[in-house]
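Feature annotations, reproduced from Swiss-Prot:
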BINDING   75, 79, 82  [4Fe-4S] cluster binding site
BINDING   118, 147, 207, 279  [2Fe-2S] cluster binding site
DOMAIN    60-281  domain 'Radical SAM core'
């Protein structure tokens, strides 16, 4: 009796990836494997990453996403990079959920349909979750893909998000397990993995990446990618942030990462997670457009669009349009 074969031609990209993941034994990446990628000559690494990218995506297409903070500041965690932590003296003004969430519709309406629209708030209490669910339903009704980043989830909350129509949940690992204690002490690495498990159990797409340039070593950058690539199902979207140093946070004043090391990280992410969107996230404002172009060549195919990401700056919309025109890139 012949095994049944699924015709994947009529499926969208995410559905195809799920079918192929079941039919093909995934490669498990060791940290040493990924370090070896980092150590390739730059042109060889770029060629390999671009080849993998072309096998899985339109090489000239970039997903354009929008991020809206619906609750800002006053967070009880101690993430060393984050100006929203209440314990740090930064210029971030606290804004409660209801005030920040007003005007969601006006922020969404100008956007092109099917663009992912991400709503960010840190750990809303259960009583605050209903307004978030209402925002998800509202954005979903406009035909956009919905994404939320709300921090740790408790039992039952992922199910509520799924029922509201959430497409993606963002929850980053930040860094490798070995370096995590240098970044945050109020939550464990396992806490983050448990939240991702809750999201996966509800069959919500996962957006998960990290922050590069927090003082971690190259081996630790490889360790983060190994964590992501070796998940039972790798994240559908992998945001790679370049540390934005904010005065008042413990990581302000750190040595800046060499830009080519960031490009290498993008290339290694593309090779190890060939079917994931690799997103240039926070930190793009400080990148020369030549470095951004190299990141796209290395396999980055998603950006956040708009002048502000949560509490940090982002390239102006017109600058992004001009860069896309120079590079022959079109929005997906």
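Heads up, the Cβ atoms here are built off N, Cα and C, so glycines get one too.
Residue 79 ([4Fe-4S] cluster binding site) sits 21 Å from residue 279 ([2Fe-2S] cluster binding site), taking the CA atoms of both as reference points. A Cβ within 8 Å of the Cβ centre of 118, 147, 207, 279, the residues given for [2Fe-2S] cluster, is found for these other residues of the same chain: 65, 67, 116, 149, 168, 170, 237, 239. Sequence-distant neighbours of residue 147 ([2Fe-2S] cluster binding site): residues of the same chain at least 6 apart with a C-beta under 8 Å from its C-beta are 65, 116, 117, 118, 119, 166, 167, 168, 169, 170, 207. Working note on the binding-site residues 75, 79, 82, 118, 207: by count of other C-beta atoms within 10 Å of each C-beta, 207 ranks first. Around the Cβ of residue 279 ([2Fe-2S] cluster binding site), 25 further Cβ atoms fall within 10 Å across all displayed protein chains.
Residue pair residue 75 ([4Fe-4S] cluster binding site) / residue 279 ([2Fe-2S] cluster binding site) shows a Cα separation of 25 Å.
Mapped onto three states, the DSSP output places residue 75 ([4Fe-4S] cluster binding site) in strand. Looking at residue 279 ([2Fe-2S] cluster binding site) and residue 82 ([4Fe-4S] cluster binding site), their Cα atoms lie 19 Å from each other.
A coil conformation is recorded for residue 82 ([4Fe-4S] cluster binding site) in the three-state DSSP classification, outside any helix or strand. Looking at the domain 'Radical SAM core' (60-281) alone, the prediction's average pLDDT is 85.
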